[in-house]
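Right, one structure below, let's go through it.
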Amino acid sequence: RRMFSLLGATTLVLVAGAPWTLPAAVGGINLKSPQNVEVHIIDDTFTLSWNRSDLAVGNVTFSADYQVPRNDTWLKLPGCQSITSTKCNFSSLKLNIYEEVKLRIRAEKGNDTSPWHNVDAFTPFEKAQIGPPKVHLEAEDKAIKINISPPGAKDGIMWALDSSSFTYSLAIWKNSSSAEVRTKTVYPRDKIYQLSPETTYCLKVRARLLPRKIGAYSPVHCIKTTVENKLPPPENIRIDAKNDIYVLKWDYAYENVTFQAQWLHAYFRKIPGSESGKWRQISDCANVKTTQCVIPQNTFQKGIYLIRVQASDGNTTSVWSKDKRFDPQLQSVLAPPVINMKSTNDVSLRVYISAPEESENKSVNQHYSVIYEIVFWENISNAERKTLEKRTDLTFPNLKPLTVYCAKARALTADERWNKSSIFSDPVCEKTKAGNTSKTWLIAGICVALLSIPVVSYVLKLLLRCIRYVFFPSSKPPSTIHEYLSEPPLRNLLLFTSEEQTERCFIIENTNILTAVEEPDQAGEDHKKYNSQTSQDSGNYSNEDESNGSKCGEDFPQEEAE
Amino acid sequence: MMGRCTLHIALLVCFSTSALAVSYKLLGFQLRSSSLECQELLLKLNGTSKYCLKDRMNFEIPEEITKSQPFQKEEAILVILEIFQKIFDIFSRNISSTGWNETTVENLLATLHWQKEHLETILEEIMEEENFTWDNATLLHLKKYYLRIVRYLKAKEYSTCAWTVVQAEVLRDFFFLDRLINFLQN
């Protein structure tokens, strides 16, 4: 039984295992999915490429699916179904190029399929590369006119919104062996000047899209410039602003010619389509005989313009001159900036530059990036220091303390092409503060001075007293004695020290026997003995000598009582 | 004296290499005045409003723009340039049916172009000087948004009403653009 169950189990296992072991047992191919799958997008062409994983085993085809974010299902990728080669083109699929898309591909052979190979999700626009632009050339005697069509098909979707955002760079060289290649940025419709007549030039162009897409170069085009014209075009066109007019000037070698000038909005160069009908005559410069003309300022509003001049001698006209790029904002006068200076604690001066106040006609500084030239000098020495700064807040450190420095500034256009500068602002001067160490000494000095005032005054007072005591003694007795003498009887006693106080007292006899006392001659004291009783009664004694006016009676009983 | 001189030069060099050669404050100033002029010009273009109510459409302007999420200065410039470029592209299309004053449209395009050129120059400077990374998602969302507007115009065959709707939408864009310009000031 055990044997049977074991047998049953193994057959079960075999049967169950058959589906995946059988092919191997048969010796068939286990299809592997394609390797190194890549997506390439150039303009509107979408290609998917891969490598076979197995060595050439016939009849293997490949199919791909795609998926868009909102839909969870996989859809068949058109143009990539049952492909025998290792590349397919699915450009016919109208995707939203700004949305992510996922792809997967697998190998197929008959009914067998390999597992899906998933391609990482990507955004077509991000992956797309810029293809070569199309170039059309027209030769003049000393210039070549170029007309560049944006990359991609005319109704393509990849660059549909960016066609006017492309910038083009061109490389041009003479078709000789040791040719120098010149590269420059060009507009879609532009001219390349400074060429020699009757020479073959070759060039190639590529498109660029900010921020980081750079396209492939177009194929090289060569063209030969024509014979030199009899009438050359005017050269060196320049425009100067004066008060409320513009003066347009140019150079011309020949005489007896009339000129005319035209202007165009520069943006027309960026829009596909012809610009020929868009050039406008500058009426103030029609048929002028001099090499300059005057245009009122209100002709040109804010924007970028192109101006060209043509010469004519009645029979023939020259080609148009090189377009002069003209920005009215820039041609007007740059206003001087406003400069402020503050002294900071660590013996340095901080300079603030601000844009000039807005006047009626807005000044250039507001519309263009300007840099500032700051001239900084010590008021006394006049040794100037010049710096060019883009920053509007800077510090001049490590200056001398308590010195006056002055600064003035002017604005310059950052772009050297336009080379405009304003007049200098009024100079501002500021004195630097004292340094830290001298400052603390100063504070210490003040404190000491403050503290010393009471001390000094006290010392002076003492001194004064001393002097007064020595040289001007006062007749007043010292205060202690003065106090003691303030009571009246004592005062009387003192007053009589110079004189002896003599008294003659006569005692009136009473119940008690009293002894008469003689007038003493002694300087000492008079002692009279009395009975205490009598003294009490004798309140009305009289003295012979009443000059002193004192009553002696009251004194004596005291003596007896002792 | 020489020591101080060399110190000053050294300081200047340090500052000039570390500081970007763009004055963001001035750029913000310029952008605001350009935006204001464009809005004034757009308002000058008359729209036949009543009959076009049925043609209104929600173009779904990207959230990053409406929710005033903070941008780095360089990223803000990228986004602002994208907006100027796309609006320029839209208004350089077939406007003949609208009956709008040609000079006004030209001035609008001229202002947009002027600002675009200047921003492109600055961006090229930034690209050369710094290696900054940005998130492409915002730019892609913006491109999708403008694609919707262009497809709408094409579908409506550039009719007057379609242009009126687009004019209103673009005016709204300038409002959000002004908010973006504020990010250059920080």
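From the backbone N, Cα and C atoms, a Cβ is placed for every residue, glycine too.
Now, the feature entries from TrEMBL:
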type	residues	note
DISULFID	A:C80-A:C88	disulfide bond
DISULFID	A:C202-A:C222	disulfide bond
DISULFID	A:C285-A:C293	disulfide bond
DOMAIN	A:335-435	domain 'Fibronectin type-III'
DISULFID	A:C406-A:C429	disulfide bond
LIPID	A:C466	S-palmitoyl cysteine
REGION	A:518-562	region 'Disordered'
CROSSLNK	A:K528	ubiquitin cross-link
CROSSLNK	A:K529	ubiquitin cross-link
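When pLDDT values are averaged over the domain 'Fibronectin type-III' (A:335-435), the model yields 78. Cβ-based crowding with a 10 Å cutoff singles out A:C293 as the top-ranked of the recorded positions A:C202, A:C293, A:C466. Under the three-state DSSP scheme, A:C88 (disulfide bond) falls in the strand class. Within 10 Å of A:C88 (disulfide bond), counting C-alpha to C-alpha distances, fall none of the recorded positions A:C285, A:C429, A:C466. In this structure the alpha carbons, written CA, of A:C293 (disulfide bond) and A:C222 (disulfide bond) are 39 Å apart. In sequence order, A:F376, A:W377, A:E378, A:N379, A:P427, A:V428, A:C429, A:E430 constitute the residues six or more apart from A:C406 (disulfide bond) in its chain with CB-CB distances below 8 Å.
The shortest Cα-Cα distance from A:C285 (disulfide bond) to any of the recorded positions (A:C80, A:C222, A:C466) is found for A:C222. For the disulfide-bonded residues listed here (A:C88, A:C222, A:C285), the lowest count of other CB atoms within 10 A around the CB belongs to A:C222. It is 39 Å from the Cα atom of A:C222 (disulfide bond) to that of A:C80 (disulfide bond). Here the CA atom of A:C202 (disulfide bond) lies 40 Å from the CA atom of A:C80 (disulfide bond).
Comparing A:C466 (S-palmitoyl cysteine) with A:C202 (disulfide bond), their Cα atoms are 113 Å apart once rounded. DSSP classifies A:C222 (disulfide bond) as strand under the three-state reduction.
Summarising the environment of A:C80 (disulfide bond), the number of other Cβ atoms within 10 Å of its Cβ, over all protein chains shown, is 22.
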